[in-house]
Amino acid sequence: MAVTQVSSNKCSGGFQKVFEHDSTELKCKMKFAVYLPPKAETDKCPVMYWLSGLTCTEQNFITKAGSQVPAAEHGIIIVAPDTSPRGCNIEGEDENWDFGTGAGFYVDATQDPWKTNYRMYAYVTEELPKLINANFPTDPDKMSISGHSMGGHGALICALKNPGKYKAVSAFAPICNPLQCPWGQKAFSGYLGSDRSTWEAYDATALASSYSGPQLDILIDQGRDDQFLSASQLLPDNLIAVCSEKKIPVVFRLQPGYDHSFFFIYSFMNDHIKHHAKFLNA
């Protein structure tokens, strides 16, 4: 499980690093970012996985979200992978901003030509944690997950599909019900095929309706002036209705004036890391 360091920058008393490795799931070279808080020099630390949204690489979050200061304060390692396989030479992979490169949607594709490489769900939930635990001073029993937009969808489904695996989950402006929105329908048709019943395995609203694991405390922040909220791409009300019916605890905060950008994420990142710390450091 060899990893090669690409960059390292001292930040908030710790180090913001980027590594690359050959992924067995995705069959290509992948980069991921790791923030190591000062505490990691002497102790094992819990890990928060961050999943980014459409068009992002591992860079957007580490340069724009302001996560390092609170991660250093709470002694949390943050791992931010890329959002899709890269350079697989699949015909059409670079034609759309919302499908293919930069748009893996955190599913394991079942359709040609995507199914060989586009296995982001298995990568994020299985391969990457094993790699991180083998190479960094982690407490393997303490992990949580968060993300934004497509990555918020990813964080929610990873937590709901793996009861007990993640101590906490949070999301910024997540795609909550991809079965019902244009982004989700486009991606799922391409990666999973036309049988919509197979899509439910990757839809947070559908998964919440059948969730029966240990209590999962969900924090969601949503900008009220988010253009994708008004375009019915995110559909948080559908998820909240199901969670309230199933008694799954959700704190949903609609933040006036905020949009879908990293300015919004930056503004509330402290609260999210504090949410994770409450469960990771318990």
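Every residue gets a Cβ built from N, Cα and C, even glycine.
The active site, charge relay system annotation in TrEMBL covers SER149 (among others). In sequence order, GLY53, LEU54, PHE172, ALA173, PRO174, ILE175, PHE228, LEU234, HIS260 are the residues of the chain that are 6 or more apart from SER149 (active site, charge relay system) and have a CB within less than 8 Å of its CB.
What TrEMBL records for ASP226 (among others) is active site, charge relay system. There are 21 other Cβ atoms within 10 Å of the Cβ belonging to ASP226 (active site, charge relay system).
What TrEMBL lists as active site, charge relay system is HIS260 (among others).
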